[in-house]
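Annotated features, as they stand in TrEMBL:
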{"type": "TRANSMEM", "residues": "5-26", "note": "transmembrane segment"}
{"type": "TRANSMEM", "residues": "32-50", "note": "transmembrane segment"}
{"type": "TRANSMEM", "residues": "71-91", "note": "transmembrane segment"}
{"type": "TRANSMEM", "residues": "111-131", "note": "transmembrane segment"}
{"type": "TRANSMEM", "residues": "152-170", "note": "transmembrane segment"}
{"type": "TRANSMEM", "residues": "196-215", "note": "transmembrane segment"}
Amino acid sequence: MNRTFLLRLVFDFVAAGLLLVGLAYYWLDNTVHEIVGTGMFLLIIVHNLLNRRWYKTLAKSRHEARGLINSSTILLLAAAMLALLVTSLMISRTVFSFLPFSGGFSTRQIHILVAWWALIIVSLHLGMRWSMLMNVARNLAGIKRTNTLRTITLRVITVLIALQGIRSWFEIGMGAKLTAKVSMEFWDFNESTAEFFIHLIAIAGLFISISHYLMKLLCHFRGA
């Protein structure tokens, strides 16, 4: 398998991991949060440079349902990351504090809102490529044949993760986070840090599953 391709995947997953860490703002101090965010944006820049050809082919892509959903998700993700970057620079108190502009409470609220939406959009983006990622995993593991028991086991795990994702949605109040509702409820990282990340991963898994199976459904109807 192409090593460059694998390296690109590693960069992408590290960037996704840094997004999760960045969402745990009250677990980190502000300086660490800004360093984590800077690292994530550097990896996003690398990702876009390595995939710059996609933007050139956007206008020429086929306007079928799958292609439109994929393109829309990528453009939404690009817009979210751009908004996240701009607001990051405006509210920076450490890494980019030398910049001649600043943002107030509203900018900070937009930054937080976009960050939580980024989790959802990144998850949908990953789900659209899950079949490819599973193929990579199979190749790395040397798996060449299908196995009914393995397939059933993976699907059961997927269902369990999705169910936990629904529970986690309410546990951390995702509805309020995605609508910028002011809440005095904050996660107590002194009580449990691991549980917070389990909730985030479960929510990501829920939307990865939704996106993945939606794409499979569209392919099925297209081929029917």
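In case you wondered, yes, glycine gets a Cβ from its N, Cα and C as well.
Automatic, uncurated: that is what TrEMBL annotation is.
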Positions on the same chain near the transmembrane segment (5-26), where near means CB under 8 A and six or more residues out: 33, 36-37, 39-40, 43-44, 46-47, 50, 115-116, 118-119, 122, 126, 133, 136, 186-187, 189, 193, 196-197, 200-201, 204
Cβ contacts under 8 Å made by the transmembrane segment (196-215) with residues that lie 6+ beyond its boundaries: 20, 23-24, 27, 66, 69, 73, 119-120, 122-128, 130-131, 158, 161-162, 164-169, 171-172, 174, 187, 189
